Each structure stands twice: as structure tokens, then as C-alpha cells.
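S.K.: Supplied in C-alpha cells, the structure appears directly below.
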Amino acid sequence: MRFGKWRLRAAQLALSPTWLTVIVVYLGTMAWTVALSFTNSRLLPSWDWAGFAQYQRLFDTSKWNLALQNLVIFGVLYVFGCLVLGFLLAAALDRRVRFESAFRTLFLYPYAMSFVVTGLIWQWLMNPTLGIQPTFQGMGWENFRFDWVTNRTMAIYAVVLAGIWQGSGLVMVLALAGMRGIDAEQWRAARIDGIPVWRVYLSIILPQLGPAMAAAATLLSMGVIKTYDLVIALTKGGPGSSTEVPAKFIMDNMFQRQNLGLATAAAVVLLLSVVLVVAPFRYAAYITAKRRAGQL
Amino acid sequence: MSPIQSGPAPRKITIGRIGLYLFLISMVAFFALPLFVMLITSLKTDEEIRLARIFALPASLNFSAWATAWSGACAGTICNGVQAGFWNSIQITVPAVAISVMLGALNGYALSFWQPKGGKILFALLMAGALVPYQIFLYPMVRALASVSLYNSLPGIVLVHVLFGLPLVTLLFRNYFITLPVELFKAARIDGAGFWRIFFEIMLPMSVPMVVVAAMLQFTGIWNDFLLGLVFAGPDNLPMTVQLNNIVNTTTGSRAYNVDMAATMLTALVPLSIYFLSGRWFVRGIAAGAVKG
């Protein structure tokens, strides 16, 4: 048995860099950040205990509340928009269309590009003096408006639009893979019963895509909380602070405004919101797995 | 328009069929027009751009904006184009991908076949770590890297990408290795092969398809990164995405939109070529990465 033990030691050795990463980089820095959020650190970390003062200050900061509000607007519309559009695209491609792979390639390519590139592209399209708006106005639609990036009330929807353009291809791929795995018998049965195609997709196919759509929703939600580069490239958080998001608020306070305590408190709040978003998904997956195991 | 030959395809053109194609064509416009506009804008002259006809084709093919974007565009007061960023991104991405894929393969192999003590906990922690927003790690990481003189250096940014890439590559390889027959592993052990020999002589050669998928996914991911490059790379090693943003969103001087568009295209070119050349592999990668084990 000595040999076996030695071999297991080799496995532990191979995993040691990962253990180190998890303990030092993930857990260690997280503890450090949480600790800093309870101090009144400004430019440099100080260890003066400040209790929940930074958290109180955070929620008294209108910019932060605006950032949270934007996160919710963006998050809901972006995730929902990507899921709906992605599902529609997948359903359309599932209908035996010509040039399917060309369509698929075209709908997914934005996902391969960075958020910076996506942001800059849409910034150009929505440029109020040279973009789509003056083009259409020049064609005679005098009242045509597409200046979202410079319009306080519309700017956050500009971020949503660019996000949906980038992300719905991902949902399409996952949903299409799920649809192709569905038994053709169900289609035959539905046809015999005379159920219209759209109804089949909505009531029969969609419920079976649960795991694929949940995976897509989790991925997209993680992207929402991390949203930083898209906003930086598209609007720089403006006009004013109408597209301020938590990730940007944290970065600004951490590296430019020398509000380390406030920034770390905000980061902790962001982490808690991740837990809030992910926990239901994970719980649902856990319940499903359990139920499946029970049935076997 | 004739229907497709295979399967129970519709035989005649119906209203539903027309609606379907109308939807698809409008979606083609939605997805393709932005890239098309970028391309034609990058070929236009300043005068043509000022006409504000964003969908009009350029009068002639003029690649001078591309040349300027590559080697002459200004970010602040520095006018070297995106070329330095391109080479920085290569220098960052290539080693980071190589190291993280190697570690991911090793992790996946050790976790799935050897099942060492604590392996499940490690994997769970790793997956949880992938969900944590980077902002939690940033400040302590900056301080830690600075204390070992790796902050603002090329090895530093490579290391950061490897550390934060570990969850995804480990997940990909673990999910791949648990589908391989365990008999293969048992036979090798009976033949007396040890941990490393089984890995290098049997498992790694067998996982070449996964290596390709993981490498592609990591390559595009690291190439497209902005935040980590901005924080950890340092002024001399800024990746292409950060430089691009500095050039386009620079506040000094008048904006040359054709140069901006050319610079943006240049930055998108590497991940786009990977995507268009690899097609199905790329899709397989995101599908594998999306489905958590």
C-alpha cells in the first residue's frame, strides 16, 4: 500500500498550485477585502476599526444607489432580452432553414469580441452628429432619434442594447443544442394533435430547455455583475452618472478617488448580490439532481 | 425558394415560412450591420464621414486609416498606434494560455482519476471562486504582487490570468476526463505506470481535442480582457483592448473616426479570426464551459 500512498501524494502535489490559489488568492484576498471594508482606509489601508461606517456611507452615496439601480435595470433587461432573442433565434434556426450554419455563425460572432470593441461599435452607431440618427434624418425622417449614448434617460438602454447584441448568440447556441436533443416523436404527436408550431415551442420545447436556459442565465447574470468594460467603452458612465455601475464605482473609488474603505465595502455588497443571484439557481439545480436521483 | 431535401421539410411556401425568413433577415441586419459600418467607416475619408451617411459605401478603398491606427494613432500624447498593444497582448496571452491549459489538464486528471482527499472541496471552492466579482480580489492582489515585485510586469499579468483562468480550464478538463473509460486508467496502473507517466503518455494525448477547445476559449477570453490588463499589466505592457480604449476615448485633439474604427477592427481581428476559422470548436468550447458539472 506504500506505493499507492506515494501515488496519491503525486496527485496532491499536482493539485498544490490550485490549493494555493484557492486559499491564498481567492479566500485570502477576500478576507483581506472584507477586513478593509470595516476600516476607514483612504489612499492606503489603515487598520482603524470603523464598524459599519463605510457601509452606511456607501448607501448614503447617491452615485452608489444610482449604480445599483442601473445594475438592476441593465441586469433584468439584458438577461431577459438575451434569453428571449436567443430563444427566438434558436427556434427560427430549428425550423430547417437554408444556410443555417451561415446564420448561426453570424448571430454568434459578437460573442467572440471584447466588450470594449462592442462598446466602441455602438458608441459610433449612436453618435448623434455622425451616426445612424443624422443618416436617417438626412433621408427625410426629421424626427428620428437614436442618440441614446448622449441622452441621460436613454443611456442605460444603450448599454442594454449593446449587451444584447453581444450576448444573445450564446443563448442561441445553448438553446439550439437543447432543441436538437429533443425527441422527434414529440413533434409528430403535436402535429397529430394539430398544435400550432409556436405553441409547441412555448409549451413543450421551452420547459425542456430548463437546464440550458438556466446555464445561460447564470452566465449572463455573472456578466451583469462584472459589467465594466462595456460601460467604460460605450459611455464612460455618463452622461453625468446616468450609466454608473457598481463595478465602475468600485474601480473609481479604489484607484482614483482614494476611498479604499468605501470601495471595499461596495465590493463586499457586490459579492453578496452574487450570492443572492446564484444561490437560487444552484439550489434549483441541487433539487433537480436530488429528484432525479430519487427517481432512479 | 425550394425547400430543403432532407427530413419532413415544408413542401410549399406558407405565410409562416415567409415570416420566418423575414425575421431571420432582419436579424442578419441587426447582427451584421454594426461590423459592416465599422469596416466601411474605416475606409472613408474625413470628408466622407462628415457627410453623416453611415451606411454609404466609401468612394474609394483607402487603407491609410488602418496604417495610422496600427502605428500612428494617439492615446493622450503618445502616438504609436495599437501595434505595441498587439504585441503586448500576444506576450500576455500566449504564455497565460499555455500555462493555464496545462494546469487545467493536470487538475482535471488528478481530480477525476485519482480522487485525492479534499479533491471535491477544492473543486467546489474553485467553482465558487469563478463566481466572485474580480473587484473583491483586486486591491489585495495589487499589494501582494507589488510586495514580490510582480506588479506592473509581464510575468505579473500572466500570473493573474493563470490564477483567474484556473476554474474554467479545470472544469473543462474534469468534465472531459470523467467521460473517459476508467478501465484505461486501471490498465495503465496495473502495468505499473505512475501518476505522471499516465498523464503524459496516455491522458494528455487522449485529450488533444479538449486542449484545443480550452486553448481557444482561454485565448479569446484573455485577449478580450480589459479589467485585469488595466490594473495589473502596467503602462509598458498594456494589452490591446486597454490601448484601443485609450485611443478612441482620448479627450485631446479632434477625433479621427476612420482611424478609431480601424483600430477597433484591428483589435477584434484576432478573436474574430479564431472564431471564423474554428467555428464548431469554439461553439463546443462555450457549450462545455456553460454547463457546470
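The backbone N, Cα and C atoms fix where each Cβ goes, and this holds for glycine too.
Checked TrEMBL, it gives:
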- B:86-278: domain 'ABC transmembrane type-1' (DOMAIN)
- B:20-43: transmembrane segment (TRANSMEM)
- B:90-109: transmembrane segment (TRANSMEM)
- B:121-142: transmembrane segment (TRANSMEM)
- B:154-177: transmembrane segment (TRANSMEM)
- B:198-219: transmembrane segment (TRANSMEM)
- B:261-283: transmembrane segment (TRANSMEM)
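Help me understand the surroundings of these features in the structure.
M.R.: Tertiary neighbourhood of the transmembrane segment (B:20-43): same-chain residues 1, 49, 54-58, 61-63, 65-66, 69, 257-259, 261-262, 264-265, selected by CB-CB distance under 8 Å and a gap of 6+ residues from either end.
Taking Cβ pairs closer than 8 Å, the transmembrane segment (B:90-109) reaches residues 154, 157-158, 161-162, 165-166, 168-170, 172-177, 199, 203-204, 207, 210-211, 214-215, 218-219, 222-223, 229, 233, 237, 239 in its own chain, all 6 or more past its ends.
Panel annotation: around the transmembrane segment (B:154-177), residues 91-93, 95-96, 99-101, 103-105, 107-109, 111-113, 123, 126-127, 129-130, 134, 137, 141, 145, 203, 207, 210, 213-214, 217-218, 221-222, 225, 228-229, 232-234, 237, 239, 285, 288-289, 291-293 of the same chain, lying at least six beyond its termini, place a Cβ under 8 Å from a Cβ of the stretch.
Same-chain residues lying 6 or more positions outside the transmembrane segment (B:198-219) and placing a CB less than 8 Å from one of its CB atoms are 93, 96-97, 100-101, 104-106, 109, 113, 165, 168-169, 172-173, 176-177, 180, 184-185, 188-189, 271, 274, 278, 281-282, 284-286, 288-289.
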